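Below: the structure, in structure tokens.
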């Protein structure tokens, strides 16, 4: 099974990707996480990618496509995966279809701009285990202590400020809305209400994927 999660930054794709992947025992591939890992390296590629991220610009198709293709051609992904944040435009979708022939399901997370901004501005994660939190919606049960691993060290993303977030959302709309129209005609396109609670969204996705 190949599942694509589409939606703007802050729509909840990563949270649901991890949950659903665990339930159906498939890898969760998040393009955002992949590039954030690359940025932490001291390479010319990292510097180039970081410049796009800081300005709220999308990373060029040729860079994104090659990174994703290298990942997906690995044998560990031969049985399927959940792909989070890719493709983001028609050019990427057609590149993806050029080397992936299996049937896919596309799930789009529909969320208002106002809620997206609040979700992104408030989010942070445990530096040790990666558990995601939000200052507005999901704080640790004990202040400054991760619910999962007990660590007290958290990571706040430097690219998350309101001006950059608004630009990212607008860039996303320009790039991705034509892709949504393209996938709507595929017969395997589904929309979930991303404004619902985590649990409600998870249930909706399970119904789409026919997970018991």
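Placed from the backbone N, Cα and C atoms, the Cβ positions cover glycine too.
Looking up the ranges 122-160, 161-199 in Swiss-Prot, the one annotated as region 'LID' turns out to be 122-160. Taking Swiss-Prot as the reference, the stretch among 30-59, 60-89 described by the feature region 'NMP' is residues 30-59. With respect to residue 149 (Zn(2+) binding site), the closest of these binding-site residues in Cα terms is 133, chosen from 10, 12, 87, 133. Ranking the binding-site residues 36, 58, 126, 168 by the distance of their Cα atoms from the Cα of residue 133 (ATP binding site) places 126 first. Over all protein chains present, the Cβ of residue 133 (ATP binding site) has 16 other Cβ atoms lying within 10 Å. When secondary structure is read from DSSP and collapsed to three states, residue 14 (ATP binding site) falls in the helix class. In the three-state DSSP reading, residue 146 (Zn(2+) binding site) counts as coil.
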